[in-house]
Amino acid sequence: MAFQLPAELTQQPTPFYYYDLQLLDQTLAALTAAARPGNFQVHYALKANSNLPILQRIQQAGFGADCVSGGEVQRALDAGFSPDHVVFAGVGKSDAEINRALAADIFCFNAESVPELQVLNELAGAQGRTARVALRINPNVDAHTHAYITTGLDANKFGINLADLAGVVEGLDNLPNVELIGLHAHIGSQITELSAFANLSRKLNELQTWLEDRGHRLPHLNVGGGLGIDYHQPDQNPIPDFAAYFGMFEQHLQRRPGQQVHVELGRAVVAQCGTLVSRVLYVKESQQTRFAILDAGMTELIRPALYGSYHLIQNLTSQRPELTYDIVGPICESSDTFGKAITLPETQRGDLVAIRSAGAYGEVMSSAYNLREKAEAVYR
Ligand code: LLP
């Protein structure tokens, strides 16, 4: 179905983020249905979008929370997630953040290095607690995605390299306040070649056997997030193929009896329900290029400027014959460009423009650069 902005929102001051809660609910229902047969536990990755109304719906749908900062842990608790469904990941957790998460008695820390394990042990001991920990390993599996959002290769800063794992596991004997409950891996984001998840599964199978040979039985495996979405055809594919995604793990991951498998999806849950709505301020014809200058810019949605990401851009007002535009924002940076040589119906000052699939890593990555005011979020 073609995208439609609710009629009353055509009067809303621009730019703003519009969230389609009905699509979010449908996405959550599809995710629930796909996760149920294999009893996969879904922890939603807050980093993709941490707006309370969205989190509350995700929590009510029965999912847990994957957090990467003290702020996100707090937000998850505020949104009603129970601490035993909260996971805290991240390569640089501060002592204050760890202390707060320990005090809240969250389910698990995904630990990424030996020094971090030592700090977890020390701080947990001081609170008279045990920190439940999954070791984040760097599986060296190529996710075939953008270099900036690939995380599971040896060259990335994330996780424990496989070569170091033996030493890390031996060291656990000296960390009495740390309890190893699982393995964690995340290979990257916006992954559309599902075979990457089969490769990850095979790597985890090997590691699991290796750990069992050393006497470590793991009640939990966390395979991370990363399932991609269709940025080119959001109306044709509003909901990702969750069944195919879980099918990869059903087929390739050797799960032990009673073992829980966790996933941490972010983008796939919230990207398609969010749209950045903007107005055309000016159309400027230069010698080589026709620019449509919007009142939204990289301050509202930085993905095109930062990663060269594609977002579908639609003129919601004009039905005129098509012309070609560079669609740019008002910010004082040349990279403040949403798309080059984009074909749109002839565009005029005042036209409403939708930048689609902006629900994930859109509003959360916005900034106040140029002293811009924060765009409002509206929910329907
Ligand atoms: N788990 C871990 C450990 C992660 O690092 C991430 C994302 C996720 C889960 C969720 O991944 P997702 O299901 O959303 O792919 N700002 C970039 C994406 C950065 C992703 C960072 N990590 C973008 O706009 O494309």
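Each Cβ is built from the backbone N, Cα and C atoms, and glycine gets one as well.
The following features are taken from TrEMBL:
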DOMAIN    16-359  domain 'Orn/DAP/Arg decarboxylase 2 C-terminal'
DOMAIN    39-271  domain 'Orn/DAP/Arg decarboxylase 2 N-terminal'
MOD_RES   LYS47  N6-(pyridoxal phosphate)lysine
BINDING   GLY226, GLU264, LEU265, GLY266, ARG267, TYR361  pyridoxal 5'-phosphate binding site
BINDING   ARG267, ARG303, TYR307, GLU333, TYR361  substrate binding site
ACT_SITE  CYS332  active site, proton donor
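Structure coloured by features recorded in TrEMBL.
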residue: LYS47; record: N6-(pyridoxal phosphate)lysine; DSSP class: helix
residue: GLY226; record: pyridoxal 5'-phosphate binding site; DSSP class: coil
residue: GLU264; record: pyridoxal 5'-phosphate binding site; DSSP class: coil
residue: ARG303; record: substrate binding site; DSSP class: helix
residue: CYS332; record: active site, proton donor; DSSP class: coil
residue: TYR361; record: pyridoxal 5'-phosphate binding site; DSSP class: coil
Model confidence over the domain 'Orn/DAP/Arg decarboxylase 2 N-terminal' (39-271), averaged pLDDT: 94
Number of other Cβ atoms within 10 Å of the Cβ of GLU264 (pyridoxal 5'-phosphate binding site) across all protein chains: 27
Rounded Cα separation (Å) that holds between GLU264 (pyridoxal 5'-phosphate binding site) and TYR307 (substrate binding site): 22
Residue with minimal Cβ packing [other Cβ atoms within 10 Å] among the binding-site residues TYR307, TYR361: TYR307
Largest tally of Cβ atoms lying within 10 Å of a Cβ, found at which of the recorded positions LEU265, CYS332: LEU265
When distances run from the Cα of LEU265 (pyridoxal 5'-phosphate binding site) to each of the recorded positions LYS47, ARG303, TYR307, GLU333, the nearest one: LYS47
Listed recorded positions LYS47, ARG303, TYR307, CYS332, GLU333, filtered to Cα within 10 Å of GLY266 (pyridoxal 5'-phosphate binding site): LYS47
